[in-house]
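Below: the structure, in structure tokens.
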Amino acid sequence: MLDIRLIREQPDMVKAALGRAGVDPAQVDAVLAYDEQRRALLREVEKLKALRNAVSKEIGKMSDAGERDTKIAEMRAVGDRIAALDRELAAVEERQYAALMELRNLPHPAVPDGPDETYNVVIAQEGEPRAFDFAPKPHWELGEALDIIDFERGVKLSGSRFYVLKGLGARLQRALIQWMLDLHIQQGYHEVYTPFVVKEQCMWGARQLPKFRDNLYRDVEDDLWLVPTAEVPVTNLHRDEILEADQLPLRYCAYTPCFRREKMSAGRDVRGIKRGHQFDKVEMYMFVHPDTSYDELEKLRADAEATCRLLGLTFRTKELCTGDLGFAATRTYDIEVWAPGQGEWLEVSSCSNVEAFQARAANIRYRSAPGARPEYVHTLNGSGLGLPRTLIAIMENYQQADGSIIIPDVLRPYMGGAEVIRRS
């Protein structure tokens, strides 16, 4: 969430920055209006409390019983007024908090302007799309022909946008997860294995709520939410904590399945496994000192790019424009791999700096020195990488004319030395 002091002290700057991302300035005005109401109520409450305290001291010195009783009755009325104002204050604070939570993060000044993804800027590309001497097939045809993806039984089990991985297909997915975790540990991340369901407070802390409520799965009976990304539980590992400066940076990697209703993507990517209600992802996450967060963003990007490189995939990196930037992000790099069977680039990693946006909501702070006033950390997140799109890219790039799929070298030790996937 944004700093209310920043909004109060620099409203024009905040409106201009949010305007670059298409935010109506009226949303900022609403937050400021609630803030003024809250401050006015606080002033009135403090004034009445000061009056009550002063008169209470006088009452103790009064010798006239009638005068004392009169003052006591007056102070009871003052107390009732304070209680009523406190209730009004709580209601205004709740409305202000709700309005504040609707505001997205401020785009970094260096982020390119643009209304949508067509204005994203390609800043790097490594490799060229493979030249085939046959027509490459899309992964859904390869998967069915090799009997490693079963769409029909996925639908039978759970409905549309579900599938079953079988045999070496399932093993390839597991190999990718294990290899990516091992790689990120080598890159300096600490592995954690978290719950896949979390309390609602975790969703607010990671800023998934209220923005993405309709895209999330929830267990209503126990009031638990299925994670849409490992970013949610990992953010909340240090919720309501004060870290010491010498603990930073904290870098974590985590595997979770991810659950999304995909209501925002209805009708898109209905073939294959590109977009499902359940998918696997390895996440990289950082808690860092504010002074180093943009250096850490470059590390995050480099680590995600290295993952693509080691898999032998052609990839490119884009900087997202203001209109495509995620709700919580100040700056984001998307890394895309080429999928020749579909003839398109697939996003497998999105690396973002969110500065203090999540930390303020989750109350995650650090102390720069003993006795110093705690300040909010900066947090960053990046996919390292997302499945099944990485699986798609491997299947389509490593396919052979006979329909088999060569297994990338780095994954073979995780697959018992298997070198190729053929129909058994």
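Positions of Cβ are set from backbone N, Cα and C atoms, glycine also.
Quick look at what Swiss-Prot lists:
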- THR229, ALA230, GLU231, GLU283, SER383: L-serine binding site (BINDING)
- ARG260, ARG261, GLU262, GLU347, VAL348, SER349, SER350: ATP binding site (BINDING)
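Looking at the residues that bind L-serine per the record, THR229, ALA230, GLU231, GLU283, SER383, the two CA atoms farthest apart are separated by 9 Å. Take the Cα of VAL348 (ATP binding site) and measure to each of the binding-site residues THR229, ALA230, GLU231, SER383: the nearest one is SER383. With GLU231 (L-serine binding site) as the anchor, the candidate binding-site residues are ARG261, GLU262, GLU347, SER349, and the one with the nearest CA is SER349. Nearest neighbour of GLU262 (ATP binding site) by Cα distance, taken over the binding-site residues THR229, ALA230, GLU283: THR229. Using a 10 Å radius centred on the Cβ of GLU347 (ATP binding site) and all shown protein chains, the other Cβ atoms total 15. It is 16 Å from the Cα atom of ARG261 (ATP binding site) to that of ALA230 (L-serine binding site). Here the Cα atom of GLU347 (ATP binding site) is found 10 Å from that of SER383 (L-serine binding site). When the neighbouring Cβ atoms lying within 10 Å are counted for each of the binding-site residues (GLU262, GLU283), the highest count belongs to GLU283. Between the C-alpha atoms of ALA230 (L-serine binding site) and SER350 (ATP binding site), the distance comes to 13 Å. In the three-state DSSP classification, ALA230 (L-serine binding site) falls within coil.
Looking at SER383 (L-serine binding site) and SER349 (ATP binding site), their Cα atoms lie 4 Å from each other. Apart from THR229, ALA230, GLU231, GLU283, SER383, the residues listed for L-serine, the same chain places the Cβ atoms of VAL232, VAL234, ALA254, THR256, CYS258, LYS281, VAL282, MET284, TYR285, ASN381, GLY382 within 8 Å of the centroid of those Cβ atoms. In this structure, the C-alpha atom of SER350 (ATP binding site) lies 12 angstrom from that of THR229 (L-serine binding site). SER349 (ATP binding site) sits 9 Å from GLU283 (L-serine binding site), taking the Cα positions as reference. Around the Cβ of SER349 (ATP binding site), the number of neighbouring Cβ atoms within 10 Å comes to 29.
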